[in-house]
Amino acid sequence: MPGLWRQRLPSAWALLLLPFLPLLMPAAPAAHRGSYKPVIVVHGLFDSSYSFRHLLDYINETHTGTVVTVLDLFDGRESLRPLWEQVQGFREAVVPIMEKAPEGVHLICYSQGGLVCRALLSVMDNHNVDSFISLSSPQMGQYGDTDYLKWLFPTSMRSNLYRVCYSPWGQEFSICNYWHDPHHDDLYLNASSFLALINGERDHPNATAWRKNFLRVGRLVLIGGPDDGVITPWQSSFFGFYDANETVLEMEEQPVYLRDSFGLKTLLARGAIVRCPMAGISHTTWHSNRTLYDTCIEPWLS
């Protein structure tokens, strides 16, 4: 009997320890695949999906398993096509992605792409965007000489470009769709076929529906900085812009905010606007700067 007891003792102890085995064993690494919302990336002017290879690497490193789609549409010179045409093309591309992601998606939209994405959020009545990350985008328009403009309109300067952009011919170019001359506000309001509409600055029959759609977004993350060198004024990335004297008025001083014409004031009131300014970054390096990614983008990719 004593020998039999000694033989059975380990088995008895094993039975007693079974409930505690999970505590005694090392924890397995958490499985990330499938736990993060898909990310959709929209490029900017004269850009392509290749420009975002660093950003793609950063996301894969920090949020392993995230499905990231860098949309390869309207690349290079095709990015000059009218923005409403681009909105339609990108809409057809994002709908299937959203339909496969019932928990929602994130949008990272760079430069001109930020305006495309804001229009998408306005016209899509069933979008499920959680974080809309606007990366150095001229959200309140552009009023500055850049190499792009000098190449496209070599005989025009900033002060007289309105003559081109506020014509039916000019509105066929994406850049002119958000050209915002503070010295010719009436012409801008009457001629702008894109920015004045998504801003709710000009009455149109879809204004109420677009505002409701835009407010479906979970969070609006605004990124930009004083050393951008292209977005003019750089505060346009944060919905600031020039007045008639070229003094920058911040977002809270803008008529579109005060009237809450497309939902900015409502978003801010519910704590859904994140502003992340960062100095020392030029326009073409926003999407490859690791510090910027860690500080301003990664925290919002849940």
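Placed from the backbone N, Cα and C atoms, the Cβ positions cover glycine too.
Straight from Swiss-Prot, the features:
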ACT_SITE  Ser111  active site, nucleophile
ACT_SITE  Asp228  active site
ACT_SITE  His283  active site
DISULFID  Cys109-Cys117  disulfide bond
DISULFID  Cys165-Cys176  disulfide bond
DISULFID  Cys276-Cys296  disulfide bond
CARBOHYD  Asn60  N-linked glycosylation site
CARBOHYD  Asn190  N-linked glycosylation site
CARBOHYD  Asn206  N-linked glycosylation site
CARBOHYD  Asn245  N-linked glycosylation site
CARBOHYD  Asn289  N-linked glycosylation site
SIGNAL    1-27  signal peptide
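Shown on the structure are the features that Swiss-Prot records.
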residue: Cys109; record: disulfide bond; CB count, 10 Å: 26
residue: Ser111; record: active site, nucleophile; CB count, 10 Å: 28
residue: Cys176; record: disulfide bond; CB count, 10 Å: 28
residue: Asn190; record: N-linked glycosylation site; CB count, 10 Å: 11
residue: Asn206; record: N-linked glycosylation site; CB count, 10 Å: 12
residue: Asp228; record: active site; CB count, 10 Å: 23
residue: Asn245; record: N-linked glycosylation site; CB count, 10 Å: 7
residue: Cys276; record: disulfide bond; CB count, 10 Å: 19
residue: Asn289; record: N-linked glycosylation site; CB count, 10 Å: 19
residue: Cys296; record: disulfide bond; CB count, 10 Å: 22
With every protein chain in view, what's the tally of Cβ atoms within 10 Å of the Cβ of His283 (active site), excluding that atom itself?
18
Which one of the recorded positions (Asn60, Cys117) has its C-beta surrounded by the most other C-beta atoms within 10 angstroms?
Cys117
Looking at the recorded positions Cys176, Asn190, Cys276, Asn289, which ones sit with their CA no more than 10 Å from the CA of Ser111 (active site, nucleophile)?
none
Protein Cβ atoms within 10 Å of Cys165 (disulfide bond), excluding its own:
26
Say you check the Cα of Asn206 (N-linked glycosylation site) against those of the recorded positions Cys176, Asn289, Cys296; which is nearest?
Cys176
Quick one: pull the CA-CA distance for Cys176 (disulfide bond) versus Cys296 (disulfide bond), whole Å only.
29
At the level of the C-alpha atoms, what whole-angstrom distance separates Asn245 (N-linked glycosylation site) and Cys165 (disulfide bond)?
21
